[in-house]
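Visitor: Structure incoming, see below.
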Amino acid sequence: MKFTKMHGCGNDYIYVDGSKENIPKNRKPEVVRQLSDRHFGIGGDGVIFINPSKEADFEMEMYNMDGSRAEMCGNGIRCVGKYVYDKGLTDKTQISVISCGKIKYLTLFTENEKVLAVKVNMGSPLLKAEEIPVVAGSGEVIGERIEVDDKEYQMTCVSMGNPHAVIFMDEIAQLPLEKIGPLFENHVRFPKRTNTEFVKVLDRENIQMRVWERGTGETLACGTGACAAVAACILNGLTQEQVTVKLLGGSLQIQWDRKENLIYMTGPAVTVFEGETDLTISGL
Ligand SMILES: N[C@H](CCC[C@H](N)C(=O)O)C(=O)O
């Protein structure tokens, strides 16, 4: 099976042309776990299959490292844009990509025939408890108390197609994410689990963020998480609409255009290497 290893701000996935590989859907979670293993496989935060689509230019089928399917992936969709343009699957610099029934629109920024960065219209944030989903009454979930490991936190919840709990903190560098991350991820109040962003607001235009991702653990960046974090900042009156989100693996430019109620994410996409693997090697 041929694959391309790519990353967006260090959030790295294994990209596979779904039109050329026909792995049965029911085997994909196990294949994803094996390929994502950083010792026995290729290594990555998960696997993204790029498929033909009738509803959009391409389909993104995204799996976390644990084999779970996710509705949306911000760093991933930017790399999908780079993949299809650099491989000549499209010559357009404005393309659409569908994931779990939702279409996103991408603008590809190129240099010497290669995509360097991508701007994505990530759509409108979903803010009602039942849309996240989170158990927290009905209506918006802003500054809601949640108890984790006998400590009380305040969360603001946002869905970008996938669930996010955003926690504002004065310091995030020393946070024991390995300990509290899984407790948030699997908290009983999140019927579909959750991604959790720990955010330090630097000023009205800049924030710093660490993230514990559903199905993967701490990653160097999370595109949907950066969008959710900026939405939460604005809902709490902490920043302006255009924010630079500083993540462990790099920075993303996020804007929530409140008039249009659309969130735009702009950031890099990088190809690391191409490869080929024989699924039988790892005993699949
Ligand atoms: N772990 C996420 C999917 C990947 C999101 C992230 N890598 C991004 O760039 O948005 C979830 O299960 O919802």
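Every residue, even glycine, has its Cβ placed from backbone N, Cα and C.
Nobody curates TrEMBL annotations by hand; they come from automatic prediction.
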Visitor: For the substrate site that TrEMBL describes with ASN11, ASN64, GLY74, ASN75, ASN195, GLU213, ARG214, GLY223, THR224, which of these is also annotated: ASN26, ASN112, ASN162?
Guide: ASN162
Visitor: Any idea what DSSP makes of GLU213 (substrate binding site), helix, strand or coil?
Guide: strand
Visitor: Cβ within 8 Å of the substrate site's Cβ centroid: which residues qualify beyond ASN11, ASN64, GLY74, ASN75, ASN162, ASN195, GLU213, ARG214, GLY223, THR224?
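Guide: Here the nearby residues are ALA70, MET72, CYS73, GLY76, VAL211, THR216, THR219, CYS222, GLY225.
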Visitor: Please work out which residue of ASN11, ASN162 has the most C-beta neighbours within 10 angstroms of its C-beta, and give that one of the binding-site residues.
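Guide: Ranked by Cβ atoms within 10 Å, first place goes to ASN11.
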Visitor: I'd like to know which of these active-site residues, CYS73, CYS222, is least surrounded, judged by other CB atoms within 10 A.
Guide: CYS73
